[in-house]
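Colleague: Shown below is the structure under consideration.
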Amino acid sequence: MRMTWNFHQYYTNRNDGLMGKLVLTDEEKNNLKALRKIIRLRTRDVFEEAKGIAKAVKKSALTFEIIQEKVSTTQIKHLSDSEQREVAKLIYEMDDDARDEFLGLTPRFWTQGSFQYDTLNRPFQPGQEMDIDDGTYMPMPIFESEPKIGHSLLILLVDASLKSLVAENHGWKFEAKQTCGRIKIEAEKTHIDVPMYAIPKDEFQKKQIALEANRSFVKGAIFESYVADSITDDSETYELDSENVNLALREGDRKWINSDPKIVEDWFNDSCIRIGKHLRKVCRFMKAWRDAQWDVGGPSSISLMAATVNILDSVAHDASDLGETMKIIAKHLPSEFARGVESPDSTDEKPLFPPSYKHGPREMDIMSKLERLPEILSSAESADSKSEALKKINMAFGNRVTNSELIVLAKALPAFAQEPSSASKPEKISSTMVSG
């Protein structure tokens, strides 16, 4: 008689199972939060230093040379000489309106990406890193062309914040990316990306007034303002018109592009409500598969998440048996990627993964490994022993799990041990960012 193995505990056991190997420890989470706080505090301080210089210029007309000298005594000194001159020049040349806007500017912060979605996995291979994306948000008047406060000044001040911390911490490195500044800490297998956004000041202030009125009821945290070391935050109060959230670009003619990360966050939260809490787990497992198959590269996390949501929205599955659910996902992923994976954010100009007629070597490599995944899972399911089953399934997810006792003989169960998750039509993402 042919044996069939059940892998639910292999996937879900919080100690020895795959889930237990992927979830960050409390220490790792706290280290990321501490790093985030250090950067936020330094960013706030650098902006206060720059505003102090601008205030001195307003009070008594200072020469360019004096402004340069003042810049060199702040954390901005960690920029290059030419960048310091540029900061001094931009402050010196501000007109009265721009200076007043700058003096009233206080950066806000909002974490985005896998840390926020609770799908961040521990690194597996050398070179892979834990990452946290923490946006710096600048409440500014809505602009049609260029804002009063120059794009270059804002970028340079955020860079100065990061570079000053790099100068103070051995082993930290700064990297300039097109859409963010990055601090990389190789010894801790960690990096933090700091993108910068402009958001509409008037709308933000109205929301903040509402937040202040309800401060006693606020528990969660999305936007966080370190004013007197306080944290203010509320996912609904800080909903903003996505059309007016603009991401700063470092290079090129386009200085800003419309991009609101909360669209994707809301989409994923809504998907978890609609499909079930197991969605976060299977998305973690697919990212674990990716990290085991490629030391760098492979399909993006968001493309795996979007394809997985599409599958679980349309195929009935048993949330109480994630081994079977993963087989369903693996079976349908190749066709999802072959037709192309669209972004849940309608403002994205490109698909997350192109359709098959546009595939090059990279895409063909990804398709080949996607097509191999269901074969691996099927082979593991029909292995001759637990140890052989473990060896085979680890071909997909790496040798993270070593306890073969988590793999048990499949019992003769009805088609579904509980009512299957209903397959509903995927919901259209609202551009107005309704929180899930």
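Cβ coordinates come from backbone N, Cα and C, glycine included.
In case it helps, Swiss-Prot gives these features for our protein:
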BINDING   Gln112, Gly113, Ser114, Phe115, Gln116, Tyr117, Lys287, Ser301, Asp348  GTP binding site
BINDING   Asp131, Asp133, Asp193  Mg(2+) binding site
BINDING   Arg182, Ser259  ATP binding site
COMPBIAS  419-436  compositional bias 'Polar residues'
REGION    339-358  region 'Disordered'
REGION    417-436  region 'Disordered'
Colleague: Pairwise over Gln112, Gly113, Ser114, Phe115, Gln116, Tyr117, Lys287, Ser301, Asp348, annotated as binding GTP, what's the top Cα to Cα distance to the nearest Å?
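Modeller: Largest Cα to Cα distance for the GTP-binding set is 22 Å.
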Colleague: Ser114 (GTP binding site) to Asp133 (Mg(2+) binding site): how many Å between their Cα atoms?
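Modeller: Spelling it out, the Cα of Ser114 (GTP binding site) and the Cα of Asp133 (Mg(2+) binding site) are 8 Å apart.
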Colleague: What whole-number Å value do you get for the CA-CA distance of Lys287 (GTP binding site) and Asp131 (Mg(2+) binding site)?
Modeller: 14
Colleague: Give me the long-range Cβ neighbours of Asp193 (Mg(2+) binding site): same chain, 6+ apart, Cβ under 8 Å, in sequence order.
Modeller: Asp131, Ile132, Asp133, Asp134, Lys177, Cys180, Gly181, Arg182
Colleague: Take the mean position of the Cβ atoms of Asp131, Asp133, Asp193, the recorded Mg(2+) site. Which other residues of that chain put their Cβ within 8 Å of it?
Modeller: Gly113, Phe115, Ile132, Asp134, Cys180, Arg182, His191, Ile192, Val194
Colleague: In the region 'Disordered' (339-358), how many residues does DSSP put in helix, strand and coil?
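Modeller: The region 'Disordered' (339-358) comes out at 4 helix, 2 strand, 14 coil.
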Colleague: Counting every protein chain present, what is the number of Cβ atoms, excluding its own, within 10 Å of the Cβ of Gln112 (GTP binding site)?
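Modeller: I count 20 other Cβ atoms within 10 Å of it.
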Colleague: Taking only same-chain residues 6+ apart in sequence, whose CB is under 8 Å from that of Gln116 (GTP binding site), what do you get?
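Modeller: Result: Asp133, Glu265.
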Colleague: State the Cα to Cα distance, in Å, between Gln112 (GTP binding site) and Ser259 (ATP binding site), rounded to an integer.
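Modeller: Approximately 12 Å lies between the Cα of Gln112 (GTP binding site) and that of Ser259 (ATP binding site).
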Colleague: What three-state secondary structure does DSSP assign to Asp133 (Mg(2+) binding site)?
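Modeller: It is in a strand.
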Colleague: Given Ser259 (ATP binding site) and Asp348 (GTP binding site), what distance in Å do their CA atoms have, once rounded to a whole number?
Modeller: 8
Colleague: Near Ser114 (GTP binding site), how many other Cβ atoms are within 10 Å of its Cβ?
Modeller: 20
